[in-house]
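Participant: Please read through the structure below; I'll follow up with questions.
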């Protein structure tokens, strides 16, 4: 089957936003206008096409990024709907990795919200071009100008409107296109009938002023345009469009549009902007990988059907009908169903059973995937998130994804023996799907411990075990993942010597431990001169330190953010061994614990609480009583917003407390921000508890 849409006519986009900004509804409308669905499903009725998991429909939020394909104006648009809830940031991170562009949806009343900032930062890390859609223009308190100002103030983004709304709230009736200086009026409720009219007289000055600001913002990124602008020369529509496209693709400018997805206004114009301004796979820089056989050698995966096949698996999920589905993005070459591919990350050969083009939760079988496509494969047994798939003769590894460690843990216990086996299977499958979800058995207690990015994250996973795998389990109280670190430096010796007849054991190391920067992790430096510790034992010293650091030095929590410099030592020709040096390194760490001022660290969450003004005093007092540090307040519409950093241990069960403090009128979001030292008195309690005193 030949290629249906050329690479120039392909767009791979994500739709990202804060929870409740209307992201899923926006995607629904895109599918409606592109003819993919015939009846529009509303999220608040639990009937949305993209939210297909039962937990999503119950809660009205999007958890897994469903991938879907639509056609618009002769182009193929592959859309990934990403979750806006903070516990699911990993889903966003995964999808951004494989996108060429994104639409950031803002709520016209709130503008940029905390989760928007997080997702925006992630998109900037991956260099994803974006357009901004200010949604909910029909909502009470909708304010387009305010929303645009939050892009500048909170994100320092070079953004400018390419559209202006006429009216807001109930009066929102038309949209002015500043590039072509036209006006579009909606004449029916489904938004399918649009009338092009002249810009009304009373809005002309405002539109001309906004167009001048737009040209100025874009001209900053284009010398050619700047010359024309400064010389007061006429700038044609095609020149302006091309300059906006260039600046957007280079992530130097963000066009801002407006509309209301719920009331069906502005979505088609937003689709036009996706085609006009977001890049095709040919417009973005080719992805650079390296050879599996030689990590130093760079390999380019070019968007070209005739090149070697290379793809990245970005999501694994279990489908009730076809089993394990692996979603992947093709960067170069083509692949047919039934063929063999190589998983170069794991060095395994895999057979692709069937290829599916996804549409929320329905699917269409296809024979071939081409470069630039996003599809799902059935039959890949060993492939996980972040793995590279390539042709059998190829051995490219594309840059993988890094995922954060869990910050909260729970114990789960099956209710019956029958549940035991099912639970093991369920945990294996859920870990395959979600790299931030960890499960292990505690060696001392025999309990199964699961870890994730927040209470909601674990709630939903326990819920899925029950609904999808029929596993009934009892859930223990949440446990916070503490860490340990050193505050000062010291030089120490670790010596292991044992003679017990026959061959002995001997290893001797001198190591300097120093604190590392926050978040930098463990760094090992080999500074041995003259072979006082033979080269073959150096990896054992590093491995010994890493193993010992897993169990910490104070209360059994992993030791992080430490530098270790091996600068001296000695060995014995006969008695030295890898094991002896491993043990010597762990003894050095024990010695360092006495001299390096170890402390316990706790996860600090960035918390944003929104509530009516009258509860402000109560909430501030409550945050302080939870050892929180208030980081600022601001009005948002007729509500107040408090930003704070609060220890996770103090935020467990906060939803119930906030509800009672605000009579159910407050909302909050939180996500992990950093680790910070815990107060001494609390640290002492934790140490005692862990030692069973």
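Along the chain as shown, the residues are counted starting at 1.
Placement of Cβ uses the backbone N, Cα and C atoms for every residue, glycine included.
If you look up Swiss-Prot, you'll see 8-282 marked as domain 'tr-type G'. Annotation comment: Swiss-Prot describes 17-24, 81-85, 135-138 as GTP binding site.
Are these features on the surface or tucked inside, and what touches them?
Facilitator: Within 10 Å of the C-beta atom of residue 137 (GTP binding site) sit 29 other C-beta atoms, taking all shown protein chains into account.
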Participant: Need the DSSP three-state call for residue 137 (GTP binding site) to compare against my parser.
Facilitator: coil
Participant: Return the count of C-beta atoms lying within 10 angstroms of the C-beta of residue 17 (GTP binding site), excluding that atom itself.
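Facilitator: For residue 17 (GTP binding site), the 10 Å Cβ neighbour count is 30.
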